[in-house]
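These notes concern the structure reproduced below.
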Amino acid sequence: MNALAATNRNFQRAARILGLDSKLEMSLLIPFREIKVECTIPKDDGTLVSYVGFRIQHDNARGPMKGGIRYHPEVDPDEVNALAQLMTWKTAVADIPYGGAKGGIGCNPRDLSISELERLTRVFTQKIHDLIGIQRDVPAPDMGTNAQTMAWMLDEYSKFHGHSPAVVTGKPIDLGGSLGREAATGLGVVYATEALFAEHGKTIADHTFVIQGFGNVGTWAAKCVHERGGKVIAVSDVTGAIKNPNGIDIPALLQHKQDDGNLKDFPGADTMDPDELLVHECDVLMPCALGGVINKENAADVKAKYIIEAANHPTDPEADEILSKKGVVILPDIYANAGGVTVSYFEWVQNIQGFMWDEEKVNHELKKYMTKAFRDIKSMCKVHNCDLRMGAFTLGVNRVARATLLRGWEA
């Protein structure tokens with residue numbers, strides 16, 4: 001099942017549980033605006049090349065729209081639509097004043113030089129500058145983009161609108177980026193896990209962890225779990241998978257990855273089949289990479305008691321049903337990985353105020369937001385007698401629906 005079908009299905013289930021009016025339900029699903037632009041740039045060798053850029057703005061009932069910009073060769077409109085919609089519910093679950101958006105350019109950033117990437121980013125920004133803005137739509141980095149991409153966008157946007165650091169988040173610190181943004185998603189995942197365990201009177205130190213994906217989110221999650229006494233017993237990324245039943249020394253692994261670039265030859269663990277990782281014996285499984293990795297083929301073999309969805313949409317709805325029958329507790333993506341957008345919100349707030357926070361305050365506020373959101377989800381679970389995913393979806397959809405009704409949507 002593709003990302004859009006799965007997101008729509010979860011939304012429709014939540015709408016039924018909440019008893020939403022069918023007209024309101026339909027209007028909440030339809031995106032506010034879809035933008036498509038041709039970005040033509042000269043390459044370094046002088047030839048002209050054109051790329052398609054787009055931005056889907058899903059909903060702005062609760063505030064300006066917010067979401068990443070990805071540079072990827074196979075940018076699938078359906079997936080981007082699903083991710084824009086997911087951002088609407090995610091920001092509502094975290095209770096930050098945004099709606100959802102998502103965008104990108106269909107290119108392979110590995111095939112472009114730095115100067116080509118800069119030209120492409122600037123042309124894209126020129127084409128959409130009047131449709132984004134501090135109170136309208138605030139982009140952020142995503143797959144294939146980074147703080148430098150945001151710096152170019154900020155500079156190009158500011159040529160039209162004057163200095164506007166709050167127009168994008170995930171910027172370099174020197175241009176108004178927030179401290180703690182780098183670690184935010186991974187740390188948020190760990191705060192979410194702590195909130196879940198606290199309810200059962202347990203801590204991270206009582207559990208073993210398997211982490212799939214060792215990019216930004218996976219490395220920070222592993223680091224934070226390790227610092228809190230949790231045992232990370234297996235890790236994988238695109239270069240391979242490794243395991244150590246006594247716990248992997250995460251700081252040593254991070255150093256090895258930095259020096260060597262891959263996990264495979266790490267002396268403190270044995271290599272394993274990456275496909276075996278998701279069904280490895282453990283207490284907590286954290287998928288931190290791509291969507292759709294837990295599906296009806298492997299769900300029955302998952303041995304973890306908890307799945308913490310650090311990636312977007314890692315569990316298919318079919319797998320969801322198999323896992324819930326087994327009694328596996330799933331902490332859903334629209335809550336578990338909301339740390340990134342929450343600290344993006346803190347960055348935007350700091351830029352608007354022109355007053356920057358220290359890292360301690362950023363992390364303290366992040367913990368507060370993640371803990372409160374978990375309590376809000378649990379109270380929805382009690383009211384509607386549902387699992388955590390539906391608790392999160394009903395919470396998010398209900399907040400957006402209420403804002404929409406209050407603003408007068410039929411006029």
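Including glycine, each Cβ sits where the backbone N, Cα and C put it.
Over in TrEMBL, the protein carries these features:
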BINDING   Lys66, Lys90, Ser344  substrate binding site
ACT_SITE  Lys102  active site, proton donor
SITE      Asp142  site 'Important for catalysis'
BINDING   Thr185, Asn216  NAD(+) binding site
From recorded positions Lys102, Asp142, Thr185, Asn216, the one whose Cα lies nearest Ser344 (substrate binding site): Thr185
Most distant Cα pair in Å, residues Lys66, Lys90, Ser344 binding substrate: 13
Neighbour count (Cβ, 10 Å) for Asn216 (NAD(+) binding site): 17
Inter-residue Cα distance where the pair is the residue listed as 'active site, proton donor' and Asp142 (site 'Important for catalysis'), in Å: 9
Cβ atoms near the residue listed as 'active site, proton donor' (within 10 Å, other residues, all chains): 29
Other CB atoms within 10 A, centred on Lys66 (substrate binding site): 29
Lys102 (active site, proton donor) to Asn216 (NAD(+) binding site) - Cα separation in whole Å: 19
Cβ atoms near Asp142 (site 'Important for catalysis') (within 10 Å, other residues, all chains): 22
Rounded distance in angstrom between the Cα atoms of Lys90 (substrate binding site) and Asn216 (NAD(+) binding site): 20
Neighbouring C-beta atoms (10 Å sphere around the C-beta of Ser344 (substrate binding site)): 27
Whole-number Å value for how far Lys66 (substrate binding site) lies from Asn216 (NAD(+) binding site) (Cα to Cα): 20
